[in-house]
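Feature annotation from Swiss-Prot assigns repeat 'LRR 2' to 207-230. The repeat 'LRR 3' annotation in Swiss-Prot covers 231-251. Taken from Swiss-Prot, the feature repeat 'LRR 5' applies to 278-301. Among the features that Swiss-Prot reports, repeat 'LRR 6' is placed at 302-324. Under the heading repeat 'LRR 8', Swiss-Prot lists 348-370. As annotated by Swiss-Prot, repeat 'LRR 9' applies to 371-393. Summarising the annotation, Swiss-Prot assigns repeat 'LRR 10' to 394-416. Residues or ranges marked as repeat 'LRR 12' by Swiss-Prot: 440-462. According to Swiss-Prot, the feature repeat 'LRR 14' maps to 486-508. According to Swiss-Prot, the repeat 'LRR 15' annotation covers 509-531. The repeat 'LRR 16' feature in Swiss-Prot is assigned to 532-554. Per Swiss-Prot, repeat 'LRR 18' is recorded for 578-599. According to Swiss-Prot, the zinc finger annotation covers 10-46, on the basis of sequence analysis.
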Amino acid sequence: MTGRSTYGMCAVCREPWAEGALELFPCRHVFCTVCVVERWRCPSCQRRIGGRRKANPHLLREIAEVTMELKRYRKGRSGIDVTQMARKLGGGGVTTSSEIFRRLEGSKNGRWKILNLSGCGSELQDLTALRDLEALEDLDLSECANLELRELMVVLTLRNLRKLRMKRTMVNDMWCSSIGLLKFLVHLEVDGSRGVTDITGLCRLKTLEALSLDSCINITKGFDKICALPQLTSLSLCQTNVTDKDLRCIHPDGKLKVLRYSSCHEITDLTAIGGMRSLEKLSLSGCWNVTKGLEELCKFSNLRELDISGCLVLGSAVVLKNLINLKVLSVSNCKNFKDLNGLERLVNLDKLNLSGCHGVSSLGFVANLSNLKELDISGCESLVCFDGLQDLNNLEVLYLRDVKSFTNVGAIKNLSKMRELDLSGCERITSLSGLETLKGLEELSLEGCGEIMSFDPIWSLHHLRVLYVSECGNLEDLSGLEGITGLEELYLHGCRKCTNFGPIWNLRNVCVVELSCCENLEDLSGLQCLTGLEELYLIGCEEITPIGVVGNLRNLKCLSTCWCANLKELGGLDRLVNLEKLDLSGCCGLSSSVFMELMSLPKLQWFYGFGSRVPDIVLEELKRRGVHIF
């Protein structure tokens, strides 16, 4: 055999066989010598070998003829058999109802370009079948922590991969040193992989544009090498051991646009990154040991997003005043941040997070931020002046959680574009009067607003979709709710004085209802009117004894009556043909006949029965059907 053969190729690099550079293993697999990663193990079948020898040309021709015949057979087929591939990946124990099968079906519809197997680690056993997907460009194996290294090495044979996600898997230094085989890779994520200590091998990925190594806490080598990747535009090293020395390895004239160093506690000085004029997104949240170089932030003229949450030495916005292109700014939990002077120059800001800035007392400087759409001032304990709020005419989202000094809802009545409002923990609010002008409001949170006594002012909010009400101890009547005809989700918790729940039964469009720790809730006869209900949670409502109309809720997918200790009847439970999740924990008053009806629920997947008297015969039948029991 002379020159390059036209009838065979190496199973690893997919290059045609060349005489003199091949080895034949006893398992009859042939590879280029340089492609054999482990010296005494076959990369294809992982069989251990006792010796290696040069491939015989005549035997190669015989193997190649068989290979070509197999290729002709495959070419004549209509495509890859999803069922067969699913069984191979799952070691033969996978059915057509498995998650692997569903993911493969989705990939087939996309012409096998994208395959997402994240979270399928409990089913995946053998990745060898992936070699048939030669067109695969995007693969996600995140959370598949049970796959051994020899299985993960199969991924390196998919030479057309552009994007690869391997979060929280068993990849290690050996895998990283071999990844250079993926010549076209542009996106790589190996977050949370504790076996990685040296990332020097990643520098062979000359086409790489985005790299994420978040939470790879054991990395000690290679930070300086990856910073030299010529095409790298996005680098994320959150919760790693990056130091000031590693920061100095980043070339100021590089192409980096996104840089994330959140919770890197070894970083103390930001001076080294001051020359990176190309940066558009920078995250330093949780880097609480930074004491130097904050003045360098003003040099990032192209910066669009900045997160310096938790910076203990940031006291004023003056160092940020030149970032005129900034659209997103987060300085949350900067305990010493007091002075907002300088923010008024950031006229392009869309989103501002000041939550947990205990020193902020006035919002006067935000009045000029006419483009602001989202503002979070939760937990600003010293805030007493809200004069700037009424001028934010484009504001759509406002979080005022735990701002105890906020008492007058009328101060925001002119914010007509408001879509989401969180007033949780504003315990001095006594009335919702003023909210009726926010006609576009879609989500409202009123948790811990203990002085509110009525919903009457918000009855006209027809666009409201989600309402959270918790620990409103003085709320006795739900009148006004019936007018919110567009409400889809209602969460009512700990309203112990409330006695009139009738308005809830008029919410014909509601899909999710949660009523927990409502001590006076007894009569649920109106439930039958909520025909579109998909999720119902009745938690800790001890006065409920029968629920005789539950069988009429044909669209119900999730039902929870946990810790309703006096519940004795669930009428029509067997008619809930769409029910997928059922929680009867702590319902010790239910009879055996109720539990027997569980065997008639065809779509049941999860059952919670802790603290209930569930017959053994029911548990055995549910286990046989593959129901997850807790």
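If you go along the chain as it appears here, the first residue is 1 and each next one adds 1.
The backbone N, Cα and C atoms fix where each Cβ goes, and this holds for glycine too.
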According to DSSP, how is the repeat 'LRR 3' (231-251) divided among helix, strand and coil residues?
4 helix, 3 strand, 14 coil
Please compute the mean pLDDT of the model over the repeat 'LRR 12' (440-462).
91
Within the same chain, where does the repeat 'LRR 3' (231-251) have neighbours whose Cβ lies under 8 angstroms from its own Cβ atoms, ignoring anything closer than 6 residues to its ends? I mean 6 or more beyond.
186, 206-217, 219-220, 223-224, 257-264, 266-270, 272-273, 276, 283
Mind checking which residues reach the repeat 'LRR 2' (207-230)? Cβ under 8 Å, same chain, six or more beyond either end.
183-201, 236-242, 246, 249-251, 254-255, 258, 260
Spatial neighbours of the repeat 'LRR 9' (371-393) far in sequence, C-beta under 8 Å, 6+ residues away:
332, 347-365, 399-406, 411-412, 414-417, 422
Could you put numbers on the helix, strand and coil content of the repeat 'LRR 15' (509-531), residue by residue per DSSP?
5 helix, 5 strand, 13 coil
Going by DSSP, how much of the repeat 'LRR 18' (578-599) is helix, how much is strand and how much is coil, in residues?
8 helix, 3 strand, 11 coil
Should anything in the same chain at least six residues away from the repeat 'LRR 12' (440-462) have a Cβ under 8 Å from its Cβ atoms, list it; otherwise answer none.
401, 416-434, 468-486, 493
Using Cβ atoms and a strict cutoff of less than 8 Å, what residues sit near the repeat 'LRR 8' (348-370) while being 6 or more residues removed from its termini?
309, 315, 317, 324-338, 340-342, 376-389, 391-394, 399, 401
